[in-house]
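Engineer: Sending over a structure as structure tokens; questions will come in a sec.
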Amino acid sequence: MQTLLSVMNSNKPAEKLNLACDLTDRYQRIREYFPKVAGAELSTEWRGGRVEAMRRLATVNGDNYGKTRNFLEGDVTRLSPYLRHGCITLKEAFESVRARFGKRAEKLLFEFAWRDYWHQVWYLKGDAILSDMEPAKVALGRGALPEDIKNAQTGLPCMDGFINDLLDTGYVHNHARMWFAAYAVHWRKVDWRAAADWYYAHLLDGDKASNSLSWQWVACTFGSKPYFFNKENLAKYSNESYCKSCTAKCPFDNTYEVLSEELFDSTNTPPAKTYKIAPLAKVETMQGVNTIVLVHDEMLSPAHPLLRRMDKKIFVFDPALHGDWALHRLQFVADCLIEMEDVEVWFGDTRQVLNQLGAGQVITQATPNPTIHVLLGAYKVDYLAEEPLTDIKLTSSDLRRFSKYWQKMGPAILNP
Ligand SMILES: Cc1cc2nc3c(=O)[nH]c(=O)nc-3n(C[C@H](O)[C@H](O)[C@H](O)COP(=O)(O)OP(=O)(O)OC[C@H]3O[C@@H](n4cnc5c(N)ncnc54)[C@H](O)[C@@H]3O)c2cc1C
């Protein structure tokens, strides 16, 4: 896929962008600014920004969620791209759902907590989340992602359907993500990281922590056993929508016992694998005198407290951060930015932009993203802490497994 990274020319100065208010013009401009970025246009059911996030939050059905969330047609919130980009905070979503549904929405509060859990693990472990967190409990394949998967041509209507959802809209239901990840890692023996990187690139909610750690949970490099499924499970929760007319030889049509025998070898388990992380290109930084508010991609809300500051505020489409994002995600982010009137939008290396603006001090929201820390390494930086879900202090031992995290956080979340 052509990406932002491949169109960046490091000798060119950073460029200030002008996003149009009109939606059609805005998407056209994103295509013009980033002509080589591949992927589908943002589909009409997705619009970035806080207004849309609040609309979705208001229509959440906390009563039905628990009973139906595992079904592809279930009452899920579709809030993930908005939470991921900070259009609304997780705390806001929690409080709104808790106030309206109380304990009836326990399952939804529990699922929100998964996002917080992965985020906290990222704070703790940094880039280590991009490598095996633990040795796998069964032998894993380390193959590249095959072309038939990238092109939705596996010949399995269910998997091709899930891949097309990803490529066309950037949104995939949680259960479909689990089925697809298990298919790629356990049936096709693809290296989890190769699959996860490709997946991340196309998701509207792509998040290094939720994505990498979910893939690792499926693969069992961060969990006690591998996740897999059978045809009965997929047929039930997809209301047979794929199975009914499927003529393929179904690789999932068996009991869990037989599939487990076929798929897993627990006698020949590999040591944990560490993946190399490419260092950022060197950019000379100059110390200026100006204070700049850097709006990064987890804080795209006009209600963000840092936007009240009088200092110059900027957002940078930076290949080091957004270099692998597909077109629909850049358009989603452009929607978010158009609501943030005061924020200048740039394209280039963040350090280059800060140099051009004479930055000495940078103020931004705290983030677990190590790339942002490296980009800002040469500046004096004030990180505004994220609003925590509760006052509870978590230790590294609480973060070893979600069950431990929930044991400590659950009671405070459910009975504030
Ligand atoms: C292989 C794989 C990759 C994933 N990659 C991402 C990703 O890059 N970004 C991402 O936000 N989520 C990811 N998830 C988690 C989950 O699938 C999505 O958050 C969820 O499907 C989003 O849809 P929704 O908003 O309708 O979720 P709902 O079911 O309505 O849940 C409400 C919110 O809770 C949070 N949430 C729910 N389940 C999870 C979960 N298991 N892990 C983390 N947060 C959760 C999300 O913020 C979600 O918006 C991944 C899961 C798997 C199995």
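We count from 1, first residue shown onward.
Cβ coordinates are placed from backbone N, Cα and C, and glycine is handled just like the others.
Summarising the annotation, TrEMBL assigns FAD binding site to Y65, T77, R78, L79, S80, D205, G206, D207. The domain 'Cryptochrome/DNA photolyase FAD-binding' annotation in TrEMBL covers 111-228.
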Engineer: Could you tell me the mean pLDDT the prediction assigns to the domain 'Cryptochrome/DNA photolyase FAD-binding' (111-228)?
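Structural biologist: Computed over the domain 'Cryptochrome/DNA photolyase FAD-binding' (111-228), the mean pLDDT is 98 on the 0 to 100 scale.
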Engineer: Can you check which residues sit near D205 (FAD binding site), meaning Cβ under 8 Å from its Cβ, same chain, 6 or more apart in sequence, and list them in order?
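Structural biologist: Long-range Cβ contacts: S80, P81, L83, R84, G170, Y171.
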Engineer: Listed binding-site residues are Y65, S80, D207; which sit with C-beta under 6 angstroms of ligand 1?
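Structural biologist: Cβ < 6 Å from ligand 1, in sequence order: S80, D207.
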Engineer: If you draw a 10 Å sphere on the Cβ of T77 (FAD binding site), how many other Cβ atoms land inside?
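Structural biologist: The Cβ of T77 (FAD binding site) has 20 Cβ neighbours within 10 Å.
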Engineer: When you measure from the Cβ of S80 (FAD binding site), how many other Cβ atoms are you left with inside 10 Å?
Structural biologist: 19
Engineer: With DSSP as the yardstick, break the domain 'Cryptochrome/DNA photolyase FAD-binding' (111-228) down into helix, strand and coil residue counts.
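Structural biologist: DSSP classes over the domain 'Cryptochrome/DNA photolyase FAD-binding' (111-228) add up to 74 helix, 2 strand, 42 coil.
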Engineer: Name the residues of the same chain, 6+ apart in sequence, whose Cβ is under 8 Å from the Cβ of L79 (FAD binding site)?
Structural biologist: A53, R56, L57, V60, I88, A93
